Each structure stands twice: as structure tokens, then as C-alpha cells.
Amino acid sequence: MEINNEKKKLSRQSSSFRLRSPSLNALRLHRVFDLFDKNNDGFITVEELSQALSRLGLDADFSDLKSTVDSFIKPDKTGLRFDDFAALHKTLDESFFGGEGSCCDGSPESDLEEAFNVFDEDGDGFISAVELQKVLKKLGLPEAGEIEQVEKMIVSVDSNHDGRVDFFEFKNMMQTVVVPS
């Protein structure tokens, strides 16, 4: 992949979607790996990665993607194992964003703001049910199927009952999420 052209493409896209180490810890990276590994065989093939990126609106030239990914696949393997995927992520982070903390200060607050902005697609400061549904669909999650289900998700977080989630409601929700150890 030609890095300069890819940097230009990424800089034109929303700054809310980044492959940054501070906001994507090992647990989150495992979740991404599992989402991309469509057949659950423990490997991400170039085809699976290409499809996942396309669902996220990040279309990449297949031959460039294959060339890059192939350099991380171990001999006699059909795709990226998690460790290979993590190494690819780290290399892309360093190449495109200058490594850890280059874009934001890496504080929990800025990480939450960045995560919020992924869902707030129109930038109005609120997450609507339609915006949440779009992101869930891009991620291939079944919860995106019915707008009524997505609206229930919004209502469960919407403490001021205005039908949408603002940053403070999002932050409160994220701070109450328990991550299994």
C-alpha cells in the first residue's frame, strides 16, 4: 500500500474513526478481530478484512490490501491470527497516526469524545436511533435489524427523555459498563 496516498484518504475521512492504540485497547481489539472473523475460525482472511472495511465505508484496493496483509500472515497460515492482526494494527497506527496519542491526548475523556463522535454521524452533538442503527449495521451487528429495538437502546440511556443521547448520557452509560476480567 502506498502510505502517502492512504494518509491523504484517511485525512479526508471523518476524524472520528481512527485505528489508535489509546482508544483501542486489547479487549476492544479482540472484539474487532472477532467481528472481522466472520466464520469464527480464528483467522481473518484478506477477503474478510476487505469486506469488514467496506462495511465501515473504508474501501481499500484489494491488491494493495492483500500485499500489506500478506506480509503479516505467518507461513502456512490462511489468514491473520489475533497476534498478527494486533501487529498490523500497531504498524498502521504508527504509519498513519504517528503512534500512541498523536491525535488526541489519550485521556479517558478524549477517548469517550472520540467514541461518541463515531456514533454522532451528523455532528449535531446527539446520537439518534437512526445514527445508532447505521453504525450497528456497519459493524454487522444483529441489533441493527429493527429500528424499534434500536429506539429501546436509546431510551435505556436517555435520562432527559428527549429521544436521543447526548455526550453526558453516553459518558454515564460508558462509565457503568462492566468489562469482564
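Every residue gets a Cβ built from N, Cα and C, even glycine.
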Same Ca(2+) 1 site per Swiss-Prot - residue from Glu48, Glu94 joining Asp37, Asn39, Asp41:
Glu48
Identity of the Ca(2+) 2-site residue among Glu114, Glu131 (reference: Asp120, Asp122, Asp124, source: Swiss-Prot):
Glu131
Using the recorded Ca(2+) 1 site (Asp37, Asn39, Asp41, Glu48) as reference, state which further residues of the same chain have their Cβ within 8 Å of the centre of those residues' Cβ atoms, listed in sequence order.
Phe36, Lys38, Asn40, Gly42, Phe43, Ile44, Thr45, Gly79
Here are some binding-site residues: Asp41, Glu48, Asp120. Which one has the most Cβ atoms within 10 Å of its Cβ?
Asp120
Would you mind listing, in sequence order, the residues at least six apart from Asp162 (Ca(2+) 3 binding site) in the same chain with a Cβ closer than 8 Å to its Cβ?
none
